[in-house]
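**Q** When I checked TrEMBL for this same protein, it listed these features:
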- A:67-280: domain 'ABC transmembrane type-1' (DOMAIN)
- A:7-26: transmembrane segment (TRANSMEM)
- A:63-89: transmembrane segment (TRANSMEM)
- A:101-124: transmembrane segment (TRANSMEM)
- A:152-175: transmembrane segment (TRANSMEM)
- A:206-230: transmembrane segment (TRANSMEM)
- A:262-281: transmembrane segment (TRANSMEM)
Amino acid sequence: MSWKSKLTPYILLIPTFIIIIIFIYWPAAYSFKLSFYQESFFGNRSIFVGLDNFTDLFTDPEYYSVILTSFIYSFSSVFLTILIAFLISQLLVQNIPGTRLFRLFIFAPYAISPAIAGTLWSFLLTPTVGYLNYIFLELFGIDTDWLTTTPYAFIAVMLATIWKMLPFDLIFYIAGLQSIPDSLLESSMIDGANLWQRMWKIKFPLLSPITFYLFIMNFTTTMFASFGIIDIMTKGGPLGTTTTMIYKLYLDAFAFQNNGSAAAQSIVMFAIMGVITFIYFHNVEKSVHYQ
Amino acid sequence: MASSISKRKKTNLILSEITLIIISLIIMAPVLLALSMSFMKPTEVYTFPPKLFPSSFHWQNYVEALQLVNLGRMLLNSAIVAFFITFGKLVTGTLAGYAFANFQFKGKNISFMILFITLFLPAETVMILPLFLIMKQFGWINTYYALIIPFTASATNAFLMRQHFLTIPKELSDAAKIDGATSMQYFWRILLPLSKSMLGGAALINFVYAWNLYLWPLIATMDDKMKTVQIGVKMLIDAEASNNWGTIMAGTMIALIPTLIIFFAIQNLFVKSLVSSGLKG
């Protein structure tokens, strides 16, 4: 293709656009359509019901508790992960012997899938066999079936989530810390700032764009992608205390075959995504140039 | 004064060293303990207090895990799926990235936006139901097509490659033009060879992502022969219930070791591309 051909860039974009239109935009539009329909009693045809699916959803107190669970789970996991990652990252940028090896080990959960993370933590917490269960029993006298009792199931799911998400945040904080000029930290040391002050008054504010990025990414991960952890560890139980929005969507769509409600739920999740997108754009526009 | 500062520095370093050793151990503990248990005999699994190391290497767990749910076939499926998703993403991503980085064209901004929005429409989760219904219409349920094709393009890859191509001096493409190379010759012979490390990093991130997919393969496959190892592990848990954690952990090891090995082998490349994909948009 010659450089002057006006067609070249379009041809280059065709493969990507075919895929995203068929497998992202079409399903998104289809979700919209489905959310206005309900299956008939015998499941043989769809009936247009307008906004019924949405009103059903929002008059159901159970759905509110699912939303609440999702948000509590997401915010607390994200908050803890970011905090822990920020603290550990301080250690990983010092030139300590073996740093490369430490990073290798600490980053490892990044490569492990949510489902496997869920399996590993189920095993650690399982009664009679689990090591962590044993430690909790010996140290704190907690003898419980972690995955089937409240509030332990919720804590168990959070532990796995934080463990899985931590490396991602660490990688970004380390990159960020390394980009802070040494001169800045040295001059603050001369001014008498101690370790703790340097960390929170200088480094943390300087890294706030990264914290913001991580918050958005982690929030999406916990809202949407931790399905594997929950499905393996608790299946949404006990008594729905670990049923997040995505898990309920899955149950309604594939266990109860309630397509209309599931579609309406995905629209609600789109809306949440839309808000996140807006917040992200609104803040990032100023600092990052895409074009 | 100077010596007390250096002394304090030294204590700090030792403290940091110890803290890091503990943190590394805690973070690796789930994997290490699972590895250890995967070699224990069923009788050892239930000793109290739990044993840290197996008394001998009981390979039987691995054999059982492979037989119980056809994990071998599932490994093959995972490899096929992850390979083709990675390959597809690299092809579509480099082409799109090239278009955005090196060409001016009508509709550039709008097509960029269309692509950008997809970052916030996670196909694997929110769109799971309509995607399933569409795949059913296509007759693709229970086939590799369903497991692979929807995931062969993504905005992340296109943006990553675009950012990378933008860092390559314009003089190179000017020189190629003067020498009479076509735009695709420049792409193949100059741009791609210069992007080897970026392509390698992107390939790894995509491979791990694809290997670790869970929700979609869970839904899109009914036949055990088409399932991936991630689903295999779930089936193993269901089949064994809480009977033999040794076997379950053996299955878990089988599912996680490929990505872990890749990650350990080329961690630097991995981290570099991840950061550049995240921080530069």
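Cβ atoms are placed via backbone N, Cα and C, with glycine included.
Unlike curated records, TrEMBL annotations are generated automatically.
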**Q** Considering only Cβ pairs under 8 Å, which range in A:7-26, A:101-124, A:262-281 makes the most contacts with the transmembrane segment (A:206-230)?
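**A** Stretch with the highest Cβ contact count: A:101-124.
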**Q** Which range wins on Cβ pairs under 8 Å with the transmembrane segment (A:152-175): A:7-26, A:63-89, A:101-124, A:262-281?
**A** A:63-89
**Q** Which sequence-distant residues neighbour the transmembrane segment (A:262-281)? Criterion: at least 6 residues beyond either end, Cβ under 8 Å.
**A** 28, 31-35, 37, 53-54, 56-57, 216, 219-220, 223-224, 245-246, 248-249, 252-253
